[in-house]
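Engineer: As listed in TrEMBL for this protein:
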type	residues	note
DOMAIN	9-75	domain 'J'
């Protein structure tokens, strides 16, 4: 097959063989995009930006069947998109930023926070408490702005969710309609599952939908005892997730401090430093994901409760919403059952080797 390839540069940039399928190309791009992002390479920013742009161009061509065909036949000059290449940073944001989940969770800043965390952890650590009053004032103003944006986000997501559930709640809710609704949600979930962190996000959303709907439905039973018990269990799960998120953040800080100290003392070999850096990156990814999952579930809880406990909506309609939400949660969980992701998983994600070019 090599004889038919006019130019192998894009394959080499993505570290994939010339006969790589789309899944292999996509996985390699995601891994390299995290590793090569300029925010992770601040010491050589100009070269990092250039390499990152090349990586984005290579993926844009090889992920498009028609452009890839033209590239294989004629090389780079014959495979330029009609509208030109997209900005690498915008392309990166769309691929990693949970764009497909936007109707469910709003703007997801997973990779934005990831790159910021990487940049922070690669900088010299200074454990000095900042008592500057102007900085505290700025942080307070930023906090108020964030709360305002969060409320706007929740209001928008409530509207989106009610619209989605109305596909079932505004019908006769017969068995054929119910089956069609479940199938529609299943097909949507199968598509979402293929996105970056798709399984994890689907599970986070589905488990929260299921939990909040169950609490509401059981609260309508005799004395609401079942609902109270489910609510207590949910609070226990929330405390566990909170603790896990905090522990991960502390582990990242501890590892970053050790790495910074070793750099200063120069008592580590090059191989030891590289190994520690990889381990730190895995912990950063793990901590960032746990923080993101925590944020997503918090938003979904707020959205679910707001549409289920709306005093301006008739009780019968609220019950219908809860049943529909329960179904969506079940469907999402069936497509994406829970799988624990430890630090090793994220290290493997970064270090995973694709087949060599051939």
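Residue positions begin at 1 at the first shown residue.
Note: Cβ is positioned from N, Cα and C throughout, glycine not excepted.
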Engineer: How many of the residues that make up the domain 'J' (9-75) does DSSP mark as helix, as strand and as coil?
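Structural biologist: Summed over the domain 'J' (9-75), the classes give 55 helix, 0 strand, 12 coil.
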Engineer: Averaged over the domain 'J' (9-75), what pLDDT does the predicted model reach?
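Structural biologist: Per the prediction, mean pLDDT sits at 84 for the domain 'J' (9-75).
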